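Here is what Swiss-Prot records for this protein:
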ACT_SITE  Ser159  active site, nucleophile
BINDING   Ala194, Arg197, Ser199, Asp202  Ca(2+) binding site
DISULFID  Cys54-Cys67  disulfide bond
DISULFID  Cys243-Cys266  disulfide bond
DISULFID  Cys291-Cys310  disulfide bond
DISULFID  Cys302-Cys305  disulfide bond
DISULFID  Cys445-Cys465  disulfide bond
DOMAIN    341-464  domain 'PLAT'
CARBOHYD  Asn70  N-linked glycosylation site
CARBOHYD  Asn386  N-linked glycosylation site
Amino acid sequence: MESKALLLVVLGVWLQSLTAFRGGVAAADAGRDFSDIESKFALRTPEDTAEDTCHLIPGLADSVSNCHFNHSSKTFVVIHGWTVTGMYESWVPKLVAALYKREPDSNVIVVDWLYRAQQHYPVSAGYTKLVGNDVARFINWMEEEFNYPLDNVHLLGYSLGAHAAGVAGSLTNKKVNRITGLDPAGPNFEYAEAPSRLSPDDADFVDVLHTFTRGSPGRSIGIQKPVGHVDIYPNGGTFQPGCNIGEAIRVIAERGLGDVDQLVKCSHERSIHLFIDSLLNEENPSKAYRCNSKEAFEKGLCLSCRKNRCNNLGYEINKVRAKRSSKMYLKTRSQMPYKVFHYQVKIHFSGTEDGKQHNQAFEISLYGTVAESENIPFTLPEVSTNKTYSFLIYTEVDIGELLMMKLKWISDSYFSWPDWWSSPSFVIERIRVKAGETQKKVIFCAREKVSHLQKGKDSAVFVKCHDKSLKKSG
């Protein structure tokens, strides 16, 4: 807890100077003079994903042919975010390579606004309007000069770049097909009006990944509120597995706030790597589930795919446009491939135990036709007699069709005389499980008719019920 508190203090110091930067910008210029466009547009190739070797120059038609732009294919426009170094970050060529691997005949354009992006954050935040204006004028020129269909255009913006993409989409003559916001920046944009930030109106379809929304609104690195048609919050959107808070604090303590970018990079940049994962692992897309809150999701209450309640994360997302933004959640692994398998578990505790047990630790093991996943930890905030509890667990491997499960109640880490003298226990007759990825429901019965789950003792074993009446699921 102290580490988390220190992290928030550090971020607070870093963000304290951020004040709203109000820089107006006119609608995309319909004139033919493009000399004032400062952003550069590099068409990278599958052979050289790391270098800007050929630039498309608005107003110069020859530059488009010289770069071998494919007029019959999709175009991806990648817009980077704020930078401390003034150089491209390592994710840029990785995303370019993944896009080309998935769509070999496409055009992948990288927008260079590095000079504007390396200014003091509020200044760079204000520049997103100018960058968006540059991008819109470039797209409009391509459409007017070459009759290039904007239905083939997909903008991908990271951090501040997501808002630049939104501004661009709002200023094009026709709507572009899609904008993907990769953890859009929060400071200066959380309370901004739609014209100056990413919003659902900026493209035919807008999907957003939120991966670092830790902190109070307006001061979190990534924007917290939904800003697309579908907004996905992996691992609740606050912090990502594998991103070490303690290590980040140690780096800041040793090197100062100059390395604050290292603090935000892991979770903030995870949005990009999740999207890259969706490009490279198309056969096994991660599944996200619509839910009113991350708390409800953690209880396993949202693993439904009825009426578009679930969707694929990333490139193969289903373009669902509801009147209100859909907030969706999922769990992920700490590294690629990020896909996990979600399960809702419902257990009814009965017996003669008096009172409530608070913050109780358990372990559950699942055994299937393909593999097994053992000793998955979970904690129930409270446990009492004659109540049913629902919670979410997930496995990092596909275990196939569920066959058996074990449940263990972990003893407290501290010594307790009552537990030593007589361990509390509950009676469990059956456990209900729903698999999110397959939507299958299974009821498990105690192997010995009823199972006595005792704290700190052996696991209780449950097998699939054979009574047909039980398979009507609940």
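Cβ atoms here come from the backbone N, Cα and C positions, even for glycine.
Given the structure is predicted, the values throughout are model-derived calculations rather than measurements.
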Chain-internal residues near Asn70 (N-linked glycosylation site), provided their CB is under 8 angstroms and they sit 6+ positions away: Asp105, Ser106, Asn107
Compare the Cα of Ala194 (Ca(2+) binding site) against each of the disulfide-bonded residues Cys67, Cys266, Cys291, Cys302 and report the nearest. Cys291
Does DSSP put Asn386 (N-linked glycosylation site) in a helix, in a strand, or in coil? coil
Across the domain 'PLAT' (341-464), DSSP labelling yields 5 helix, 76 strand, 43 coil
Considering Cα atoms only, can you say which of Cys243, Cys266, Asn386 is the nearest neighbour of Asp202 (Ca(2+) binding site) among these recorded positions? Cys266
Cα-Cα, Arg197 (Ca(2+) binding site) versus Cys302 (disulfide bond), nearest Å, comes out at 29
Could you tell me the C-alpha distance between Cys302 (disulfide bond) and Cys243 (disulfide bond) in angstrom, no decimals? 26
Cys291 (disulfide bond) versus recorded positions Ser199, Cys243, Cys266, Cys305, Asn386 - nearest by Cα: Cys305
Just checking, which of Ser159, Ser199, Asn386 (recorded positions) has the fewest C-beta atoms within 10 Å of its C-beta? Asn386
Where among the recorded positions Cys54, Ala194, Cys243, Cys445 do you find the Cβ with the fewest other Cβ atoms within 10 Å? Ala194
When the number of other CB atoms within 10 A of each residue's CB is tallied over all shown chains, which of the disulfide-bonded residues Cys67, Cys266, Cys302, Cys465 has the maximum? Cys302
Where the distance is taken from Cα to Cα, which of the recorded positions Cys54, Ser159, Cys243, Cys266 turns out closest to Cys445 (disulfide bond)? Cys243
Of all the disulfide-bonded residues here, Cys305, Cys310, which one's CB has the most other CB atoms within 10 A? Cys310
Pop the Cα-Cα gap between Asn386 (N-linked glycosylation site) and Cys310 (disulfide bond) into the table, whole Å please. 32
